[in-house]
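Lifted from TrEMBL, the feature list:
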TRANSMEM  7-27  transmembrane segment
DOMAIN    37-74  domain 'EGF-like'
DISULFID  Cys41-Cys51  disulfide bond
DISULFID  Cys64-Cys73  disulfide bond
DOMAIN    76-112  domain 'EGF-like'
DISULFID  Cys102-Cys111  disulfide bond
DOMAIN    114-150  domain 'EGF-like'
DOMAIN    220-409  domain 'Laminin G'
DOMAIN    405-438  domain 'EGF-like'
DOMAIN    441-479  domain 'EGF-like'
DISULFID  Cys450-Cys467  disulfide bond
DISULFID  Cys469-Cys478  disulfide bond
DOMAIN    486-674  domain 'Laminin G'
DOMAIN    675-711  domain 'EGF-like'
DISULFID  Cys701-Cys710  disulfide bond
DOMAIN    713-750  domain 'EGF-like'
DISULFID  Cys740-Cys749  disulfide bond
DOMAIN    756-940  domain 'Laminin G'
DOMAIN    936-973  domain 'EGF-like'
DISULFID  Cys963-Cys972  disulfide bond
DOMAIN    974-1016  domain 'EGF-like'
DISULFID  Cys1006-Cys1015  disulfide bond
DOMAIN    1023-1202  domain 'Laminin G'
DISULFID  Cys1175-Cys1202  disulfide bond
Amino acid sequence: MTRNITNYFLLATATIVIGIFGTKFVILQTISSNTNFTSPCSQRPCLHGVCQETGLNNEFRCFCVNGFTGLNCQTNYNECQSSPCLYGATCVDYVASFKCVCSEGFTGQFCEVNINECLSNPCLNNGICIDDINDFICDCPPGFIASKAQQKYHPPVSLENMLQHGAETIIMGWTTGFPEASYLYSRKWAPEDARTKKERAPCVCPLHFTGWRCEEEVTVHIPHFGGNSFLQHEFRSRRFQQGLNIDVSFRTTTSDGLILYSQAIDSSGAFVQLVLSDGMLKFSFSCGKQTMVFVQSHQKVNSAYIVNINIILSWIPDGRGSGECTASLQVNGTAPMKGSQYVVSPVFNFTTFYLGGFPPGLNISNVPMFSIPGFVGCMRDLQINGKERRIVNDAENGAGITECENNICSLKPCQNGGQCKSDGEGWFCDCKENFTGITCERRSCPTNPCQYGGTCLLTGHDNDFVCLCPFGRHGKICDMITSYSWKYFHGDVMGYSSYYKVPGPSNIKEFLEVRFRFTTSYFQQVGLLMFLGQDDSDQDPMEDFIAVGLIDGYVVYQFNLGSGTRELRSLQPINASKSSHTVNYGRYKRYGWIVLDSQQKVGGFAPGHLTALDVASDLYIGGHISQDLILLPVGARQFRGFQGCIFDIEYRNKPGVMFKHLNHVTSGRNIQRCNYSECDVAPCHNGGTCVDLGSTFKCECSSDWTGPLCSNRTTPCSGENKCALGAVCVLLESGYRCDCPLGRNGIYCDKLLSISDPSFNGENSYMSFEPVNIRKQMRLRVDFKSKSTDGLLFYAAQRLSETPGDFISVSLHNRQIELRYNLGTGTGTSLFLKSPKKIELNQWYSLEVGRHERKGYIKVNGSEITGVSPRGMVALDFSSEFFLGGVPDLSTVAKEAVENEPIPFYGCVRHLSVNGKEYDLTENGSVAGRNIEDCDGTPCGFSTCRNGGTCSMHSEGNFECYCTEQFTGRHCDVPIECFNHSCENGGTCRPLTSPSFSGANYSCDCSLGWKGMLCEIALEVDVASFSGESYLHIFDQGYDNLNLFHTHLSFIFSTTNDTGLIFWNGKVIKEGDDYLGLGLQNGYLKMVWNLGWFSRNELLITNMSLSDGRRHHVEIYRIKQTLTLEVDRMKFFSHVRGDFMELNTHGQYYFGGFPREKDIVEETGGRFTHFFTGCIGQIILPHTLKSVNLMETGKGSNILNCEYPLK
């Protein structure tokens, strides 16, 4: 746009005028001159512009020509300041223009186009060309190497030798030991590249790679976009008549950038676009008519905190081929911005959407490609039409993506060797063994003696400890209940403050007023009275928060709305003669105030222009959960835990309305009643001195005594004690106890114990089991008998720590069964289901609980209740074992997993199954456990006698099973037909439903190397023959030495059957398990493989039928995520995406089928359903150079030698 400069002479005089020249905005300011009546413009003060007299005080103004700025138009405007040139290009500034001098391999006005070096088809011999930056890569078929792909394989030359000789190509490869089985990855790299590597611009790496030259593989959970990054996702369903619903979260500190874009592939012109513009969200859309634009102008969103976005595009037809198209944008759950268009015959043919940017060279008709910069920041929590997407792993394409580092991780908060990690819900410290705490700041107690989730602090030698009790408990080990009128805060104990937290006031972005009372006798403290802030503080000085504290007798009020902290202080210190004090504080937009007792109000404004308070839902009283309050924002880290009493807390979120009480405590630590001391009852023995610590105490013992109560002469747990080998000594108030491992009991764990139905003591017992996949769904069945009204029955979590993340729990509270889980939607959003009826104690109940994505249910004795967790996440991320009856340390149980404090289960369990897997509840069936007894003290458990058998005890302590007519054996596990069978040489008896031709009512499954009716005939097997009821198992002895990036195996087979499993390598118990399988489906060869989670694929070869009875040769090559299947010298290719590159199957190969106790559908995840019939031979596994000897390395059942040579 160009305007005549004289048009601006008509503007009224002003001190500052904003004008437009060409497409530039310039600021024109007045310049004062002397009082002589000389034309201020006669001296030509405007060097590159037009001078205009203002007519006032001999002043003038300069109107600059395009390309210049400054008071006198003296400065050439630097068009390169906005960094318009991409990919390392050099920007050359000219007057009112610029030029990009591109790096090698790029072209275009902004150097935005990566020159495609593959257009000339440089790779020969069917090599696949992959375009690179100023380069290309030849992905060569086996037997050839790059760069020209026509040379036969030779052993790789050393890197050093190649550099010395100025080699054009560096070959990074490996040899698997097979001819023509080398895979070589090439890249042009001259010797000077190695010397000048640090001086060159780094590569923009494809998805899942990083490093200077993209040489390092990387696993990304939460993606960071660097401005030249993008992620490309596909819409898996195109049924957009029901609408399009996209959820995504992001955080950034930059002011401009593309967040999301999608465009219809037809000619309708429909699109959806969300961008950042000057820190505000700008939402544009079109349904094929005009473009509509909305700008969220009330608050900037580039404050480095998570912003939750919901975009909806919906279509309401009118029944005549037309209708209303509506789009909406919702930010952080606020009221959505909406717009509608009436469109004739709309077609929403969306297939792809982009996050953060576009691929280089992409043609977007609705967007000038480089008018919108790429996004810089992090994204997470992607959902499409209610279905969760893994934002990185499910992407079809991407570049420049790295792991988003949580701000706090850059400060290295984790102590004692712990590692700071980031996941979808924030940051956490992964502690080394024997350390615990939010920041791994303390040593863990060997066995936590503190009950009900108390925090155990080691205080010295012999595992001496202090228990900081949870809210509502007190005593040396937190075993006593506390009732409060006024709550007392002790301050800090070893850096841990007293505190409790309540659900904070709602709807307080604009207005909040709080009033409360407190007492204290310690006036010179720097104590925190209240704190309201972010869920996940990252030490940002611009973080929103409110803090009220006592500093040297003055009440201090701090608040930050995102533009800096404002501090208000009472005019005078508190009056020591008053028994209690009243504080009233609040804010309306930027204005805040505080009043102490009857003193004058003190008020002031927050810095900057932001007016909204953006904080989490929890209000901390008296302290904070973190040691030394290190997780408070920078402006509030001066505080420590408050010493005194706080009470009568009230708030309101609108002026003039009634105040509301804040009484519901969700959690807390070390809170005592006002005017009460644990030392009042003189608990220390033998002259020990009691030190009051709030809800607990410590005894300072004389030199002759030791122990928590000074009642021990010696230190038993660091010296001599009677605990048996494998037991753990736990120091008690008086003496010690021995915690027994599974299979042991007695005071000193010195007696052997056989467990049939486990019994839990309700104090410190638990069992743990290997988990199965419950990420998307879970069906848990348990038979239990409880002796207490409360207790934790089942628990699994993302982490067994004080920051547990996602969790699921089944517990009893007041004789009602509760199901609770959180899928990562944040504090206060857990699903909570409670059975409608109370159970009776000491009675057996059959319980089923479960969930499918967000939906949960409880079924107990025929009664059912259901519920749905909050919208947002559908998958449960977990990494812990399954815990039954309790956990090793109750302080690591999620606060929302139980109603009050965690209590171990007290009672018996006789059956446990999860997703169909039945668990062995004996001492041999679990991973770990502690202090488990047998329910009735006898070997007669629920599953001791099977198949309907009845268990009876003998007087000498043994048991006997009385079986039904169909079974016999010690546990009624032997069919009657197989009693005293005649199968020889390890053959297994199998009952028949009807007698055989010979009249026998059983048959023998013969082990490998035997055949005959009774497995009485020896045979040698060279080529295995499978009957449809056979299997061959081979363990790869060289598995531990394999490079798991590569796979190579081969074999021959023949069959006349259309369907059957040829081989299976791996497992599918969990969704992320690795596997490789091959079989026949309708005569066609079917291959399936998975490297972990969604790095999986299937290949069905339909151009040849292989059930023709002929000999077929199969060879499989895999290098990382690319697999080649060669069948009779014809090659087929398969590729997987995702993070994973290794095939971890532990070397287990099953050919033809599985043992009878394994179900083929379950073992293969339904990918194959029938055993194989035919012949398989000449098997070569990854570690071998020749066919394996089946008689030496294999085992199996019903395998014969192939009677005819494979043709």
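Each residue, glycine too, has its Cβ placed from N, Cα and C.
Heads up, TrEMBL stuff is auto-annotated, nobody curated it.
It should be emphasised that the depicted structure is a prediction, and the values quoted were computed from it without experimental measurement.
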>> Between Cys64, Cys111, Cys467, Cys740, which of the disulfide-bonded residues has its C-beta surrounded by the fewest other C-beta atoms within 10 Å?
In response: Cys111
> Under a criterion of three or more Cβ pairs within a distance under 8 Å and sequence separation of at least 6, are the domain 'Laminin G' (486-674) and the domain 'EGF-like' (76-112) in contact?
Replying inline: no
> Using a Cβ-Cβ cut-off under 8 angstroms and a sequence gap of six or more, which residues of the chain neighbour Cys478 (disulfide bond)?
Replying inline: Cys450, Gln451, Tyr452, Gly454, Cys467, Cys469, Pro470, Ser695, Thr696
> Of all the disulfide-bonded residues given, namely Cys41, Cys51, Cys963, which is spatially nearest to Cys111 (disulfide bond) at the Cα level?
Replying inline: Cys51
> In Å, rounded, how far does the Cα of Cys102 (disulfide bond) sit from the Cα of Cys51 (disulfide bond)?
Replying inline: 39
>> Can you work out which residues elsewhere in the same chain, 6+ from the ends of the domain 'EGF-like' (441-479), have a Cβ less than 8 Å from its Cβ atoms?
In response: 415-416, 434-435, 493-496, 500, 627, 665, 667-672, 678, 683, 693-698, 706-709, 715-719, 728-733, 739, 763-764, 888-891, 893, 900-903, 930
> Per DSSP, what is the residue tally for the domain 'EGF-like' (675-711) in helix, strand and coil?
Replying inline: 4 helix, 9 strand, 24 coil
> In Å, rounded, how far does the Cα of Cys701 (disulfide bond) sit from the Cα of Cys749 (disulfide bond)?
Replying inline: 30
>> With Cβ-Cβ distances below 8 Å as the criterion, list the same-chain residues six or more beyond the ends of the domain 'EGF-like' (713-750) that contact it, or say none.
In response: 446-447, 449, 461-465, 476-477, 704-707, 764, 767, 923-924, 926, 928-933
>> Of Cys51, Cys64, Cys73, Cys1006, which is closest to Cys740 (disulfide bond) if I measure between C-alpha atoms? They're all disulfide-bonded residues.
In response: Cys1006
>> Restricting to the chain of Cys41 (disulfide bond) and a gap of 6 or more, list residues whose Cβ falls under 8 Å of its Cβ, or answer none.
In response: Cys51, Gln52, Glu53, Phe60
> Least buried of the disulfide-bonded residues Cys73, Cys450, Cys469, Cys972, Cys1202, going by other Cβ atoms within 10 Å?
Replying inline: Cys1202
>> Most Cβ neighbours within 10 Å: which of the disulfide-bonded residues Cys701, Cys710, Cys1006, Cys1015, Cys1175 is it?
In response: Cys1006
>> At a 10 Å cut-off from the C-beta of Cys963 (disulfide bond), count the other C-beta atoms across all protein chains.
In response: 21
> Nearest to Cys1015 (disulfide bond) by Cα, among Cys64, Cys710, Cys963, Cys1175 (disulfide-bonded residues)?
Replying inline: Cys1175
> What are the helix, strand and coil residue counts for the domain 'EGF-like' (76-112) according to DSSP?
Replying inline: 4 helix, 13 strand, 20 coil
> What's the CA-CA gap between Cys710 (disulfide bond) and Cys1175 (disulfide bond) in angstrom, rounded?
Replying inline: 77
> Rounded to the nearest angstrom, how far is the Cα of Cys1175 (disulfide bond) from the Cα of Cys972 (disulfide bond)?
Replying inline: 38
> What count of other C-beta atoms do you get within 10 angstroms of the C-beta of Cys749 (disulfide bond), across all chains shown?
Replying inline: 22
> Which number gives the other C-beta atoms within 10 angstroms of the C-beta of Cys51 (disulfide bond), all protein chains shown included?
Replying inline: 19
